[in-house]
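Visitor: When I checked TrEMBL for this same protein, it listed these features:
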type	residues	note
TRANSMEM	A:12-33	transmembrane segment
TRANSMEM	A:45-72	transmembrane segment
TRANSMEM	A:78-103	transmembrane segment
TRANSMEM	A:110-130	transmembrane segment
TRANSMEM	A:176-196	transmembrane segment
TRANSMEM	A:217-241	transmembrane segment
TRANSMEM	A:261-282	transmembrane segment
TRANSMEM	A:294-314	transmembrane segment
Amino acid sequence: MPDTLLFAMEAAANGLTAGVMYALVALGFVLIFKASGIFNFSQGVMALFAALTLVGLQSGQIPFAHLINAIFGTRLHYFGFTLPTLAAIAGTVVVMIVFAWLVERYIFRHLVNQEPIILFMATIGLAYFLEGLGDLMWGAEVKRLDVGIPQGMSLAVDETTFNWFGYGFYMDTLELWAALIAAILVGALVVFSQYTKQGRALRAVADDHQAALSVGISLRFIWVLVWSLAGIVALVAGMMWGAKSGVQFSLSLIALKALPVLILGGFTSIPGAIVGGLIIGVGEKLFDFFMGPLIGGATENWFAYMLALVFLLFRPQGLFGEKIIERV
Amino acid sequence: MKMTRLTAALAVTMTAAAPAIAESLFFPNMSYRTGPFAAGGIPFADGYADYFTLINERDGGIGGVPIRYSECETAYNTERGVECYQALRGENPLVLQPLSTGITYQIIPRAARDEIPIHSMGYGRTSAVNGEVFNWTFNYPANYWDGASVIINYLLDENEGSLDDKKIVLLYHNSAYGREPIPTLTRLSERLGYELLTIGVDSPGQEQGSQWLQIRRERPDYVIMWGWGVMNSTAVQEAANIRFPMENFIGVWWSGSQQDVLPAGMGADGYKALAMHGTGTDYPVYDDLQEYVYDRGLAAGTGDEVGTVLYSRGMYAAMLAVEAARTAQEIHGVANITPAMMRDGMANLVITEERMAELGLPDFGPPFEVSCQNHGGSGQAMIQQWDASAQEWNLITDWIEPDRELIMEMVMEDSLAFAAENDIEPACLN
């Protein structure tokens, strides 16, 4: 097999796992948009906040220590004990649920029936508030996140592909784990929405707010539920991206990677987020492989948006999105 | 009548307030404590602020005139940096420290018009070394082209004086900053016979899968990195993932702080980077900082960044600003200097080993002299290596000289082209 083909196959395989990482971020957007029609600008910052909270709980960091020290002249930083990873994850889930409740109670309850652009603007404000809160609570320094997921070259993939092709493919073990976790997450979301009462209520609200309200479904409860789910998805995304390059404030920018995925997959489809992620991941890796050396490289960021733009021209609702027909 | 009284009252107030403003030396900092690059901006700003606080608390200011310090938040964003410049220019700042190559490029012509000195220490426009073209911009003690040349000289030393048939990859931040070393490395490759491959990473650089697959395929002997922020930690992690020998991976001084290596854990062990100054708290100046700043609760930060690479860099930048202000006071015989006088102080700055020892920073930075013609300092740098077990950077070389002949040749080409484009007649101001 020619080397170029082998290298292209390796790039495509890496694109698939990178695409899953993008899809993890996109899933959070989809959940909230589907249930409430809100494009949640703060989803990236939620991933950052969840990751900061996870590391903070894991390492026994005292929240708001900098503020406490500045006011009272103390030198507090850590409680002196650390939490096991699972306990820290559980604690973070609780924090994200409380956050969802606060968002519903203090922001969206007051914005019911407002125009989508107003709701979108509210999420922009929320993003800046949450970023500042994260800084105040946990500090701005770069933190190492270790949740026990192995990183580095997958020896199994290397050996297998070497036996098949005489060339060992590189794949990051962390990204393979991310693919597995994403599959479990999507499976759990599907089971939840198909087979539980709350899940069916969520789908009913997603289909028609008015009809759902008329049969007694609490819109407020659904909003808390869906923001909690988005918070949990943000935690998973923050965990994976944070383990990859450390937990730092640029983590919030992973949201930029999700936008082309959403345009491709559709804003209302969970499978669409996954398929969109895979297409973007493979597309950008192959484009960079073939065209990068000719045009100076660094094509990944803009290529994803260019691909999304092409899709917009031919299928504005995305691959799996609902076609919106408005009659006048 | 009412208007006249109001005007008179205002005039009296302003006259009374004027000496308070005038009798201070204003050193603003265009810092970034928020945004995606805050992790690098905070320790620099803390080091910069703490040194000025030390001078105020211990010495009562510079030449008896207290320092007035303030920060303007740029979030490492060029537009916000320019807004900061506009806000600060009317307050007679003695020197501006933009802390961003993008911002520096934008404010160089403005600052020249407004006669405000810029100190872009180890960043910014490299050809600002030519003081006859860039009268108001200084980039001592070293610049990007020096850094690239120092790395190549180090590699020459490692390879018994020959890089023939070696393959070197430059992994760069796809920005004005990241592209700065390309001309130097290209010229040196033609001269020394190594193959240069440049690979760009789009900002912020969290996803580098394609780049490291390419590096894995190309099997280079060395990878040089020109990164910032999350790009650095991601690259170090990716290098560890593909099992690239870390001792053959060398970053510029903006890719060599604790933040860049800690996220990769033991995987970062052996990674190297340029150092334009010493690091750690093993310098006598820290005794004074402890007594006059930290113990009095006057530190700018929380204390956990003290002695880190970027804190040290901020402190070094402030120290150089204070020394330039002292020089300006000596030249002009006045304590309350203006930005134009500060420029003279910067253009005549002499840093000796003895002076560094007096300041409590022996062997912390290289000795150098600035002149009207040469704003670039010595250009020397050391190589440091990360010890992941001890979680510390260790200096593994002495000061390494850059290829100054080549660099000055390139500086002259670039700066004279800039002068021609902007109708500047190269000349010294004093």
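Including glycine, each Cβ sits where the backbone N, Cα and C put it.
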Visitor: Rank A:78-103, A:110-130, A:261-282, A:294-314 by Cβ pairs under 8 Å to the transmembrane segment (A:45-72) and hand me the top one.
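Guide: Out of the listed stretches, A:78-103 contacts the transmembrane segment (A:45-72) most.
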Visitor: Restricting to the same chain and to residues at least six past its boundaries, which positions have a Cβ under 8 Å from a Cβ of the transmembrane segment (A:217-241)?
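Guide: Apart from its flanks, the transmembrane segment (A:217-241) reaches 21, 24-25, 27-29, 31-32, 35-36, 40, 43, 46-51, 54, 89, 92-93, 96-97, 99-101, 103-104, 108-109, 112, 145, 147, 149, 174, 177-178, 181-182, 185, 189, 198, 201-202, 204-205, 209, 247, 251, 254.
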Visitor: Report, as numbers and ranges, every residue of the chain located at least six residues beyond the transmembrane segment (A:294-314) whose Cβ falls under 8 Å of a Cβ in that stretch; write 'none' if there are none.
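Guide: Same-chain residues near the transmembrane segment (A:294-314) but 6 or more away: 256-257, 259-261, 263-264, 279-280, 283-285, 287-288.
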Visitor: Grab the same-chain neighbours of the transmembrane segment (A:110-130) for me: Cβ-Cβ under 8 Å, and only residues 6 or more beyond its ends, written as numbers and ranges.
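Guide: 36-42, 44-46, 49, 103, 219, 252.
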